[in-house]
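Asker: According to TrEMBL, the record shows the following:
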- 29-116: domain 'Pyrroline-5-carboxylate reductase catalytic N-terminal' (DOMAIN)
- 259-401: domain 'Ferric oxidoreductase' (DOMAIN)
- 1-20: region 'Disordered' (REGION)
- 211-229: transmembrane segment (TRANSMEM)
- 259-281: transmembrane segment (TRANSMEM)
- 302-323: transmembrane segment (TRANSMEM)
- 356-376: transmembrane segment (TRANSMEM)
- 388-409: transmembrane segment (TRANSMEM)
- 429-451: transmembrane segment (TRANSMEM)
Ligand code: NAP
């Protein structure tokens, strides 16, 4: 997984720098227009952070009891007069009803905290709309990513980034200071044209997870169908045996490791493809195709989904002996052996296969857990680049090799047993080995000194066929310049 991806803050752009002069912000009076859920939570947090709060409501008498006693609840116009910074905790649809306040609001900072119900719902952002209604005010977009609940839970909920944008630097700075005093981390998102982007943030549903999730679901569906045909449909058609009871646990449990293993290999495959492309073109400056770029960026999510499937596989496997079907089968086998008077059923090879198979499986799961934990931003940030790349790249590759051993010991000689080819379909594990074995082979090739050296040079900026200037002394002693290829 790319370290850059992990080290990246939740939101791009630089954090607004902490300023030693921020403390005076506490103690100033902040206005809040509206008395709903957000306004109430905001007022509580502002009061707890040392601000004086004045709330502007259309019906202050009725709403006053909902606010902490330290906050003053009054009519909208009264509240606006008492402060220069006003949070507009009102829905966009009701902005126009505030137009009567235009005169008292003139010259003040309005903080637009509103959200929409759909991405890019309106042509212009809510903040730009508010600015157009109140041209004499300075509008700052911010705090919309914070929920009323987060505001109330206060510092216990940990730090949270608050993206802020405005066309006025001074106003943006003032709001950033307030956010800092409240325990948030303001993130400068630039000018007002970013408001739309900020308003879309709370509406996005796990954007980075879409492709990896579809990939995992697609793989699950393919392997599930394949296993269903082999384990349930085949005995039903060829021997009229009813094995449908296997669907909820056994078929799922043979599908999950396939998905986990293939997904893990898909974390390392784009790296191999990228290296092949760099070796082929002899440069690292050629852009990868978009699909490869996208793939590289989604490695963290693909890896985490692989871990998720592997963990489920472990739990399913532990529960296998608990099933009633398993108990019946066990008794049936025991009875059969008693009838056949078989005393010694110990098969040394099978015992060893199982011991190794389980042991390497546990190690692989342990390594995958380590990869998953270190991909969490808080842990990743505590590692330096070398530590991070050692865990994600080296240990990750070792996890792939150990998973391959787990798969091979599980399959053992079944690939060479023609009874295992149900409807001429090879055992599932042989299919899953395809991509990981290609990756392991490619990694072995990349570690050959001649290939490794070339790759290292390319990654340090060397380019095939690049022409460099050289300077030669002429017979007369003067210097003449020319060009030659550096590809020697
Ligand atoms: P809410 O509970 O419905 O409160 C909205 C408030 O707007 C009302 O209490 C009302 O206060 C005031 N208001 C002023 N003019 C109004 C009018 N003409 N018609 C109706 N109400 C009017 O909504 P909310 O959840 O607090 O959300 C307020 C804003 O914060 C929204 O823009 C929302 O997108 C944003 N926001 C909310 C959350 C959240 O977690 N709730 C999170 C982020 C952002 P008075 O009756 O006292 O005037």
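Note that Cβ sites are derived from N, Cα and C of the backbone, with glycine treated the same way.
Automatic, uncurated: that is what TrEMBL annotation is.
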Asker: Go through 211-229, 302-323, 388-409, 429-451 and flag the stretch with the largest number of C-beta pairs under 8 Å relative to the transmembrane segment (356-376).
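Answerer: The stretch I would name here is 388-409.
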Asker: When only pairs 6 or more apart in sequence are counted, do the transmembrane segment (429-451) and the transmembrane segment (259-281) reach 3 or more Cβ pairs under 8 Å?
Answerer: yes
Asker: Where among 211-229, 259-281, 302-323 do we find the most Cβ pairs under 8 Å to the transmembrane segment (388-409)?
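Answerer: Result: 259-281.
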